[in-house]
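Notes follow the structure.
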Amino acid sequence: MSTTAPPPDGLDHVDERLLRTSPLKKLLARPELGSVVGAIAVFVFFSLVADSFLRPSSLGTVLYAASVLGIMAVPVALLMIGGEFDLSAGVLVTSSALVSSMSSYQMTANVWVGVGVSLLVTLAIGAFNGFMLTRTKLPSFIITLGTFLMLTGLNLGLTKLIAGTVSTKSIADMEGFPSAHALFASTLTVGGVELKVTILWWLALVAVATWILLRTRFGNWIFAVGGGADAARAVGVPVHRTKIGLYMGVAFCAWISGQHLLLSFDVVQSGEGVGNELIYIIAAVIGGCLITGGYGSAIGSAVGALIFGMTSKGIVYAEWNPDWFKFFLGAMLLLATLLNAWIRKRVEATK
Amino acid sequence: MTTDTAPLVELDDVSKYYGNIRALEGVSLEVRAGEITCVLGDNGAGKSTLIKIVAGLHRHDAGTFRIEGEEVALANPRDALDRGIATVYQDLAVVPLMPVWRNFFLGSEPTKGKGPLRRLDVDLMRATTREALLRMGIDLRDVDQPIGTLSGGERQCVAIARAVHFGARVLVLDEPTAALGVKQSGVVLKYVAAARDQGLGVVLITHNPHHAYLVGDRFVLLKRGTMAASHTKGEVTLDELTRQMAGGSELDDLRHELERPAAS
């Protein structure tokens, strides 16, 4: 070796040039910090203006609203970290529910058959999105806008063709309904608070997604394909497979959401789901995901969903006109994004 | 110079066409262990095309490409990596937002545990990154900082250290000094030499004959997609190299054109 390499003893001792970082500063460097501050602010705000907001029953309602959104916000956040969008995610939930309902109604009288068929079809649509994206190299905005429109049309058209109306027939009297209902749409009572099972799904998904992102090779690849796809490809990361995997993750969660949608109401309205894709993206962005990819967290998306749940229900508890909800959501999005940008700048400046 | 063993990488009369565009024609070069082969050329001379063939991003259309005497057609960058050819690109060597240690192991992450508990060996990754960089003489303050916060030269060095650590036998460097200042260029060239001294074969792509002459053993000059000249170090002087590189007679024409009209 010709270089004057210092002996590699610096592995254990802390570099003297590295000032001790306080735990606070470490916390500040987390992508979800802005959203946590926002969530606390929203919580305090509605606790003050709405008396019923702090009741245990309200907690269950708020968490339920957050979980329904949060289940989808998790994979959408991962996809965004991977540098892509999925505008078809909202209607894909409805498609998944419709496929499930109609295939069990038309083929057999067993709910579980529909649940299984729906999983396969939904994953196939996710794979289609990913495959089209990686094959054509068109922006994901265009590809998934196409799938969004096609699915919207298919949902309405096929439902009318098969069921004759815009909603499916009830599946409540079919075989397997109670067990499927228990898995996807039951209500648990914990300490007198009624909690929907979707909250468990949500928490589990956040935990699994966080594990994948931070502690697996696939997670490393997600950050890499979003932060620099060419650099990632150059060192041998399977960029295409990673992206297709992310779209199938969105599809998998759409399947969970779709089954919940179907099994909690027995029927599905074929026009539902339009517009939700943007709310998933909003939750991910509020949670600190960089819209250009390469940065963000699954926990952040959960906090974003929680802010959404608190705002949407808080307005009801405060007995305001719910028309104001969208205004609040928009203001929250702007504030959270500005806060995130400001924090990131400060953290990077101190490095 | 020993010529009895097969070179690590050898291109013989290699050509590449994009549709009706001749990007590269009849280029030959060889890279030997412990030597630096410099590829010189102006913008559009075909340097990028050449690098993409060696790195496995594009397949050559004609000629032969041998790795250690064996004729190959690389399918993708992974294939090239598996054969010991690591490429460090000028601007896309790393993912800026990711921490140094994640970048260092990107694409070759070590794991521990089995089944669903199979996970990144984070402690090993952090320690190894630090150690490997120290061995190259790079002393980083914090391997957790996003690599985008490092200077351009440091980033190149991390990418070179990564290639060396993962057992590359041929290092392909795409204009490692192009965007750097004089001092930083010197630092990078020092690491290039360090890699050579560890027994690697190096392909150094550059348009700076001064940098090339400092470290190079062989020089290949590209011009408009063809090979204009090929020298070994003993055969050519820096002035001659610079002159050929700058276009030789074209430079004389340019000087003539730019000359102030004689005061009359």
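Note that the numbers count up from 1, one per residue, in the order the chain is shown.
Cβ coordinates are placed from backbone N, Cα and C, and glycine is handled just like the others.
No curator has checked TrEMBL annotations; they are predicted automatically.
According to TrEMBL, the transmembrane segment annotation covers A:27-50, A:62-80, A:111-131, A:138-158, A:197-214, A:279-312, A:324-343.
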Worksheet item: Relative to the transmembrane segment (A:138-158), which of A:111-131, A:279-312, A:324-343 accounts for the most Cβ pairs at distances under 8 Å?
Response: A:111-131
Discussion item. Using Cβ distances below 8 Å and needing 3 or more such pairs, separated by at least 6 in sequence, tell me whether the transmembrane segment (A:324-343) contacts the transmembrane segment (A:27-50).
Written reply: yes
Practice prompt. Examine the transmembrane segment (A:27-50) against the transmembrane segment (A:197-214) and state whether at least 3 Cβ pairs sit under 8 A, considering only residue pairs 6 or more apart.
Written response: no
Worksheet item: When you scan the chain for residues with a C-beta under 8 Å from the transmembrane segment (A:197-214), skipping those not six or more beyond its ends, what do you find?
Response: 63-64, 66-68, 70-71, 74-75, 77-78, 81, 182-188, 222-223, 253, 256, 260, 297-299, 301-302, 305
